[in-house]
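Peer 1: Feature list, courtesy of TrEMBL:
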ACT_SITE  A:Glu144  active site, proton donor
ACT_SITE  A:Glu315  active site, nucleophile
BINDING   A:Arg105, A:Asn143, A:Trp323  substrate binding site
BINDING   A:Cys109  Zn(2+) binding site
DOMAIN    A:8-391  domain 'Glycoside hydrolase family 42 N-terminal'
DOMAIN    A:401-584  domain 'Beta-galactosidase trimerisation'
REGION    A:611-633  region 'Disordered'
Amino acid sequence: MKRALGTCYYPEHWPRELWAKDAQRMVKAGLTWVRIGEFAWKRVEPRPEMFDWEWLDEAIDVLGRAGLSVVLGTPTATPPRWMLDRHPDMLAVDAEGRQRGFGSRRHYCFSHDGYLDECRRIVTLFADRYGRSPHVAAWQTDNEYGCHDTVISYSSAASKAFRRWLRERYGTIESLNYAWGNVFWSMEYDSFDQIDLPILTVTEPNPAHSLAFRRFSSEQVARFNRAQVEIIRARSDAPISHNYMGRETAFDHFEVGRDLDIVTWDSYPLGFLEDRAGVTVATQRRYSRQGDPDFQAFHHDLYRSAGRGRWWVMEQQPGPVNWAPHNPAPLPGMVRLWTWEAFAHGAEAVCYFRWRQLPFAQEQLHSGLQRADLVDAPAMAEAEQVARELADAPDVAEAQAPVALIFDYDASWAWEIQPHGAELSYFDLVLDHYRALRRAGLSVDILPPTGDFDGYRMILAPGLMHMSDELKARLMACGAEVLIGPRAAARNEDFAILRPLPPAISGLDVLVSRVESLRPELTRSVSGGGSIWGYSEDLEGAAEVVLATTEGAPVAMRTGSVTYMGGWGDEELLDRLVSDLAERVGQGTRRLPEGVRVRETGTERFWFNHTDQPVNTEAGPIPPAGVLREPLG
Amino acid sequence: MKRALGTCYYPEHWPRELWAKDAQRMVKAGLTWVRIGEFAWKRVEPRPEMFDWEWLDEAIDVLGRAGLSVVLGTPTATPPRWMLDRHPDMLAVDAEGRQRGFGSRRHYCFSHDGYLDECRRIVTLFADRYGRSPHVAAWQTDNEYGCHDTVISYSSAASKAFRRWLRERYGTIESLNYAWGNVFWSMEYDSFDQIDLPILTVTEPNPAHSLAFRRFSSEQVARFNRAQVEIIRARSDAPISHNYMGRETAFDHFEVGRDLDIVTWDSYPLGFLEDRAGVTVATQRRYSRQGDPDFQAFHHDLYRSAGRGRWWVMEQQPGPVNWAPHNPAPLPGMVRLWTWEAFAHGAEAVCYFRWRQLPFAQEQLHSGLQRADLVDAPAMAEAEQVARELADAPDVAEAQAPVALIFDYDASWAWEIQPHGAELSYFDLVLDHYRALRRAGLSVDILPPTGDFDGYRMILAPGLMHMSDELKARLMACGAEVLIGPRAAARNEDFAILRPLPPAISGLDVLVSRVESLRPELTRSVSGGGSIWGYSEDLEGAAEVVLATTEGAPVAMRTGSVTYMGGWGDEELLDRLVSDLAERVGQGTRRLPEGVRVRETGTERFWFNHTDQPVNTEAGPIPPAGVLREPLG
Amino acid sequence: MKRALGTCYYPEHWPRELWAKDAQRMVKAGLTWVRIGEFAWKRVEPRPEMFDWEWLDEAIDVLGRAGLSVVLGTPTATPPRWMLDRHPDMLAVDAEGRQRGFGSRRHYCFSHDGYLDECRRIVTLFADRYGRSPHVAAWQTDNEYGCHDTVISYSSAASKAFRRWLRERYGTIESLNYAWGNVFWSMEYDSFDQIDLPILTVTEPNPAHSLAFRRFSSEQVARFNRAQVEIIRARSDAPISHNYMGRETAFDHFEVGRDLDIVTWDSYPLGFLEDRAGVTVATQRRYSRQGDPDFQAFHHDLYRSAGRGRWWVMEQQPGPVNWAPHNPAPLPGMVRLWTWEAFAHGAEAVCYFRWRQLPFAQEQLHSGLQRADLVDAPAMAEAEQVARELADAPDVAEAQAPVALIFDYDASWAWEIQPHGAELSYFDLVLDHYRALRRAGLSVDILPPTGDFDGYRMILAPGLMHMSDELKARLMACGAEVLIGPRAAARNEDFAILRPLPPAISGLDVLVSRVESLRPELTRSVSGGGSIWGYSEDLEGAAEVVLATTEGAPVAMRTGSVTYMGGWGDEELLDRLVSDLAERVGQGTRRLPEGVRVRETGTERFWFNHTDQPVNTEAGPIPPAGVLREPLG
Ligand SMILES: [Zn+2]
Ligand SMILES: [Zn+2]
Ligand SMILES: [Zn+2]
């Protein structure tokens, strides 16, 4: 498939006389997509039910006539101030019990039905007006669900909706009490109306209570998004997308993705390195101007899966951002590298955010392809270079990866609720496995637990705290080399420990008899190299011991092609495990220089040098921030 | 006296058919005590004033008929959800002014009279029903007063009760204003009704105001407990206990203890090392699987005193817990060591918490003597070993220690209100002295300031910010070598500085002319070795200078047998002081290997190796986690 | 002018029989000023509108007849408890939305008109009664505006006043929306009544919104102070002062100062080193007993400017304080050094806080010239020494410094709102430049942006985020060597980026094409020595490059006598810049030993040794904490 470039543009921010000039410059740069509209509610509906469509009509027309395809965003992430007069209780309430205020964005509670109706109303108007526009070639619902910690709200709207949700899920209060083990501390309820949100309890709430609330909160996002999708789909043939954020785990992106045609995400490598990649300060220093070598790729693969193959980068960092603890400029070449990396992972489009740096308001220090004075910023040349390269080069052909890695939002919530050790997070556990696969030069597909396992040689599924019987059976039967654990199937659906003890997988004689968490520096050495840190399990059973501590305690056990890993492996141990599994299936691996990463498509092998030094690879030398395309046989 | 073992059991958590089997297993393991009931309010009173006693009758009967003695807990730590409908304002309010929510435990304000009446009602019913039961051999009131920071509440119930309390204590508002020095910042009140709780003030409240509130809050706990004790005592001959926590200083455990027959406490050595022992990270690493070598012993000695000799460990950690930042498994042998250590310090019983790991709710990762799948956990064998050893070995005979160490909850509040230096805490100061005594191989009794000093050779009373005239006189006259300071008698009863300046002790010509706090690394070297750190005083007076800085400033001064210490000594200096005092009274000391501790009873010397390496001692080699009983001539 | 000493005294805290004795001791010590009354509202007006003047009449009389001049404070920083019954909503609300409580001080919101009227009432009574008193030789309004973070309040009084303020400033809601760029996230308002205070927004509020609120909050302080000044000035000829605090930037001290006759400030060198000097731990250790060598001098110079030449130290630390994380005693000699340093910088008077350590309430551990037992504290002798030296020595003659350094409170707010890098603060940036000037032995005048530039050889104006056209023109035309940047003129008055890009100064062909913030350790080396850290700009333009990175990127550019600095220089780089500028104007500099500082007056050069070791200087040896007065030619 042909790949494309684009940008995010806000006609309402700029004088009307600039629009045509901007559109021409975009086209000249080789961009074909332009996203607009997602924060413009107030300009379209200045007063309740009084509209001004004229400017948006013209903006779409000007852009479209210049040859650009428009992604039109619904403006529901930024309800105008007058909305609060109609729905004073629509604001979210935070974990301290404080109602959030107006004056930025995302100031709504997903459970507020009154606001949801307003969104249905405005989206209907957008879709009615532009659903058949020749220029509107795609839609975006809202903007960055979950950004700024906005999924979870403790409002009274959420409280009421949660009670309804519980009643539907559990039927009777007795079954809820039983499922949650509320007998524990006399926490049994007499009716659903007694159940509060899990906030400000004296010590931690029942983890079953917390998990239910996390699931509910995630479903509220899906419900909110679905309401928009249904309206647009009835009125337009253009594909519908939403732009996810990085390391946003408060809602299930697979579930929301099922309602979308295209999943997009907003990729800010330097900002993420500073505020969420979860790396050491040493790594933050080394990659300060390049970003983490795996963090973006992980999201590319994750969201490709959430989009069932169709995905974009909707916002690509083009220079310093405004919101991280430190905001350096990228190393020259990195904007090009990030763009090609997205294509190598199958992106259909990469859009730079934003077209032009804005001289006012919250993001005034967020760079763009142009500076605030209308001059091209350094990223423009790199975007233009990619546009030329796209024109000259063969299309990127996606191919199934040899390895599948499972990511489960439900498991992430469970680990967040009960990490057991202060440093432990499911996201980091999965990312550690992803890093090990990438260090071995392997391409990876990321799947939900419900994913199709056909055709994979290796399947890694670390940390799945709950596993359905069906999932267990599918993993046992899939034929791939499978790695599960630690904490595999450690809880039932309602956060209770199973009896027989976990993982309780038929055909795998392994039992976790005890779990412990360790101070980070108190590792358990493994015979042959590497260590367990942080989380460690005592294993019993008749399965073969394939890894053991230097004192002889089992660390990993295996029956047939399924390996259970009883702890959190460090880099060396995960590298050993990946090599071992790959060898068992005859999958070749390579040892890559630090900071070099490889991604194979159907026809090419892409090499990326994330370091600021030239490197030599088997495919040849690569300059700093360099990209090398190696045709495959 | 014969020592005994027991466990904590929750029949309401398990199918009825398991009860008899569990009881038999307990008996077979050598346990004789079983605590039940303390979280079962909802199961006993499912709806307000509607009762279901049948299951509890049977549980007690099953356990008792198996040969076990029951400790019956009153269920007041976990009021059911329906209680909030009757008393919506019974919830505590935290220091941020937020009302806490339902969904965990201890969700009540000690000052709420409506809830106290409910407690009186349910305790009366418990005592009426089981007060003469042949199986109920002891009682426990509530559970872990103060746990999760629950002593202090800023509710309106507390506010009203505090005003009443102040009126009773001060009589007139004029005397309160005078005592507190409210003239300082125009803080003088016109009536008691104007006095708010010391919360959310612009800068710190008057320390006299804070101290009064701390005393009031402590007394509310005593009042709450006393109400239960009086009801039970009128209806049962069985001894009444309450289970204290570690490093819980928000209420006066001596005062509450005076109403109890037996003081118990909940000993979690590995959890406490992680979250409250106040040690360095290096110590946390070294003792990660063993716990701090002195922290448990300190509480044994403290609570033995609070129980006037009668004390138990009601909850003994048997494996990993669920609540600390890191939750490792104990080194094999430590469960036995902890149990014997308690007996060496005079415990009548040690009960393991819990019988069986629970598969649901908040404490699902708290290990027990059995795993959640009904199989014995590693601790079971160690408990059984102790049971056998108890049967074979002579009884433990308590004896007065040669050294008394004073602990004063009122002083702890005063230091918390006014630490003067960011790192300084009274609890740590006393614990530092305790550690020095233990390093010298000395057994210690811990006394309240009102304790009986007869028979002690050495009395250490560091940090007593307020000392009554009577206490001063008793210390001067007791004949023991006495160590006081720093901050001895630094304030009067109402947190004012005395004139003449402290310590103002007749017969001891020492005056603290100035106090300062120091950055931790800015120590003052003392001639002959050791240093002062953190807190330092300028001393004047005609008393003999027994320690001085290398520049010649007095650090410790002495008249007769009373030594005033004008600073916080480091390990070396405290060791010097202890040796010096011991030598003056002819008390032998020993230099123990690191991590080895000794405790003498009337007939034996117990040696404990808290390290994970074998050690050689004068009494012979001791393996890691080993216990050695040396008969005394 | 003759310099004088004084102290702060609270007759209401001490028995009446002590007053005369205290006054005599003050006079004997050589003190001539005594400040009283600023916390005494409750004693003067015990019940609303019922007064007791008698004690204050006598106190003033006793002090005055002993020969002391009284500074009379208005008592508005500590409204009595009964005030809250009259104005329950006068309390400030913090950034968490919590109303603050009674029980300390400064518990009022500057925007509350009811409380302001009460202040007008009591100040009128004070001024009527004592305005013509022969003993009241000066006034102080309130006490330490802004202390304990009290400038900013989110109360409903503040909200209403802010809306009024906005309406006055912007006229129409359309101009506000345009000026703030509210179109950005649909934040446009329909009326001023819709504008809330910038609190608890989901992500950061519009920086223009925040900056307006900071300006408003500052003006509320000026309004509050002006109300008192107008009343006093109409009734008394004595000069009116207010005592500022250290590093208090929440209100514009120049603006408040314009209404005062004398600016005073409260100088606590050891406390400030601990809690606000912004230095490394290594510096905190080295100067633990001496205080930062530049921090006090900086405030002397800043507040001399705010007082248009007339300034005092109203509260001089005389020993350990009570409020810092650590509270050591000063090195002997430092109280004298601090006093002389103030005089060297032009202070008219230095008053020690407090006369005597108070034995009760919040500041009981704050030392005084006397101990709580009425004995002289160590500082008394140092004060007496200064008094003798003042009598013997020539008067201090102020002189214009060769260098002016600009400090702009508005810039400080802008940097606080948008630091861009986590470690960056405007105050530290200016202080870093001040330190460099001081290391070079230069005396400095600090000016507001509106200051008179006549007669200065060098003008340093780092970090002025907004610069008026007039300021730009004045700097270009003043003839001095001028240093501006980084971030010079980076925003317009309403926090928007200018077009053409900053600094947009006619005659200086420099343009900042991109800004970035860097992790502290990721510095950019500059050719010839030194580095940029933290904040870095890309510079373009035709101006001469005078500093460049080792890779050749411009760091500083110059046209004529104006140099633009495109980053935050480290110590070495700032030293180079200062030397270079000084050389260009023929201004001599010196390399001073570490911790030695120099200040030149019209007739003398003062040398101060802030270290605890003797040093040799060109003017001769100076002992630790020593002062050397070198007569000038
Ligand atoms: Zn974004
Ligand atoms: Zn417990
Ligand atoms: Zn002050």
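Along the chain as shown, residues are numbered 1 onward.
For all residues, glycine too, the Cβ spot is worked out from N, Cα and C.
Automated prediction, rather than curation, is the source of TrEMBL annotations.
Just so it is clear, the model here is predicted, and its values are computed rather than measured.
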Peer 1: Could you give me the DSSP helix, strand and coil counts for the region 'Disordered' (A:611-633)?
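Peer 2: So the region 'Disordered' (A:611-633) is made up of 0 helix, 11 strand, 12 coil.
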Peer 1: Considering only CB atoms and a limit under 8 Å, which recorded positions from A:Arg105, A:Cys109, A:Asn143, A:Glu144 lie near chain C?
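Peer 2: Listed in sequence order, the recorded positions near chain C are A:Arg105.
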Peer 1: Below 8 Å Cβ to Cβ and six or more residues apart, same chain only. Which residues does that give for A:Cys109 (Zn(2+) binding site)?
Peer 2: A:Met90, A:Leu91, A:Ala92, A:Val93, A:Tyr115, A:Ser153, A:Ser155, A:Ala157, A:Ala158
Peer 1: Measuring Cα to Cα, tell me the gap between A:Asn143 (substrate binding site) and the residue listed as 'active site, nucleophile' in whole angstrom.
Peer 2: 11
Peer 1: Could you measure between A:Glu315 (active site, nucleophile) and the residue listed as 'active site, proton donor' for me? Cα positions, answer in whole angstrom.
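Peer 2: The residue listed as 'active site, proton donor' has its Cα 11 Å from the Cα of A:Glu315 (active site, nucleophile).
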Peer 1: Do you know the mean pLDDT across the domain 'Glycoside hydrolase family 42 N-terminal' (A:8-391)?
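Peer 2: When the pLDDT values over the domain 'Glycoside hydrolase family 42 N-terminal' (A:8-391) are averaged, the result is 98.
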Peer 1: Just to be sure I understand the packing, how many Cβ atoms besides its own are within 10 Å of the Cβ of A:Trp323 (substrate binding site)?
Peer 2: 17
Peer 1: Report the recorded positions (A:Arg105, A:Cys109, A:Asn143, A:Glu315) that meet this criterion: Cβ distance to the nearest atom of ligand 1 under 6 Å. Use sequence order and write none if nothing qualifies.
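Peer 2: Once distances to ligand 1 are taken from each Cβ, A:Glu315 fall under 6 Å.
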Peer 1: Take the C-alpha atoms of A:Arg105 (substrate binding site) and A:Glu144 (active site, proton donor) and report the distance between them in angstrom, rounded.
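Peer 2: The separation of the Cα atoms works out to 11 Å.
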Peer 1: Just jot down the residues in the same chain as the residue listed as 'active site, proton donor', at least 6 apart in sequence, with C-beta under 8 A of its C-beta; none if empty.
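Peer 2: Within the chain, the residue listed as 'active site, proton donor' has Cβ neighbours under 8 Å at A:Ala77, A:Arg106, A:Asn243, A:Tyr244, A:Met245, A:Glu248, A:Asp266.
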Peer 1: How many angstrom lie between the most widely spaced Cα atoms of the substrate binders A:Arg105, A:Asn143, A:Trp323?
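Peer 2: Greatest Cα-Cα span of the listed binding residues: 17 Å.
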Peer 1: When DSSP is mapped onto helix/strand/coil, what comes out for A:Trp323 (substrate binding site)?
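Peer 2: The residue in question, A:Trp323 (substrate binding site), is coil (DSSP, three-state).
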